[in-house]
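Taking it in order: structure first as structure tokens, then the write-up.
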């Protein structure tokens with residue numbers, strides 16, 4: 001049952017996800033493609049985590065955070081992709097009220113953690129390249145754990161705002177979400193209550209996270225670039241660039257899509273464009289991250305060669 005009578009209001013108990021397309025042939029094609037992407041995402045990120053665990057040369061703060069970033073990538077993709085894949089095969093794609101709230105909260109939670117982790121990793125590279133003599137002190141095991149816990153706490157607080165907003169919304173019908181998952185904007189459009197204060201609070205929280213993390217990343221990489229340009233050793237420059245380019249590529253991909261979804265005015269793009277960008281953000285980027293790090297980071301490539309016992313893999 002999609003609706004229940006509650007006094008003078010009709011309360012929504014489930015939502016219909018309209019998904020990416022109604023074309024049956026295209027749905028099958030997308031099912032195959034996205035399922036393959038999800039399998040590559042899980043296997044690639046699990047491989048990254050395992051490689052970091054078993055390779056002693058990767059037991060450094062940067063790779064400690066990278067292993068957690070890989071875990072978050074699996075979590076972000078898993079919060080949406082399995083349900084989306086199943087919905088390609090059914091005629092009526094429905095999700096319960098509770099399930100919708102959990103999906104929204106988990107997507108926001110893991111997305112915020114990823115932003116914090118990328119900022120922490122940028123700070124780690126800043127200390128390693130600009131203050132190498134203080135690296136062991138500034139990035140001690142205790143400091144790394146504190147930064148990690150802080151990232152999770154920040155993600156939890158951010159997700160709490162969105163979850164509180166969701167349970168405060170009054171849904172009277174219709175219950176058709178024009179998206180492939182329970183995203184915040186389509187839910188706001190379906191709500192029949194006054195949500196202006198909650199929307200401002202959620203927007204402020206999102207904006208704060210984006211501004212703070214982008215500021216940390218920008219300042220860190222500006223200082224890194226200045227330091228690298230001052231290096232006289234070509235080998236030193238190459239090593240510094242090697243450890244930074246992979247992370248900077250991931251940052252560019254993530255914040256490019258986040259800017260499109262959350263910063264650009266909604267009137268500047270259509271709902272279908274938003275869906276495509278959301279697929280890239282929640283499905284494709286988690287798959288690309290381990291590939292980027294394995295191809296562009298010499299330490300990752302070296303550890304992989306050592307574990308596989310091969311010398312000419314790359």
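For all residues, glycine too, the Cβ spot is worked out from N, Cα and C.
Considering the side of the membrane named for each residue in Swiss-Prot, residue 26 and residue 221 do not coincide. Record check of 8, 45 in Swiss-Prot: the feature N-linked glycosylation site is attached to 8. Among the residue ranges 82-102, 103-123, the one that Swiss-Prot annotates as transmembrane segment is 103-123. Annotated by Swiss-Prot as transmembrane segment, the relevant range among 178-198, 241-261 is 241-261.
In this structure, residue 192 (disulfide bond) belongs to neither helix nor strand by DSSP; it is coil.
Of the candidate ranges 29-49, 58-78, 137-157, 200-220, 275-295, 275-295 contributes the most Cβ pairs within a distance under 8 Å of the transmembrane segment (241-261). DSSP assigns residue 100 (disulfide bond) to a helix in the three-state reduction. Each of the disulfide-bonded residues 100, 192 was scored by the number of other CB atoms within 10 A of its CB, and the lowest score belongs to 192.
By the Cβ criterion (distance under 8 Å, sequence gap of 6 or more), the transmembrane segment (137-157) is not counted as touching the transmembrane segment (29-49), fewer than 3 such pairs being found. Beyond the transmembrane segment (200-220), the same-chain residues lying 6 or more positions past its ends with a Cβ under 8 Å from any Cβ of the stretch are 112, 115-116, 118-119, 122-123, 125-126, 154, 157-158, 161-162, 165, 184, 251, 255, 258-259, 262-263.
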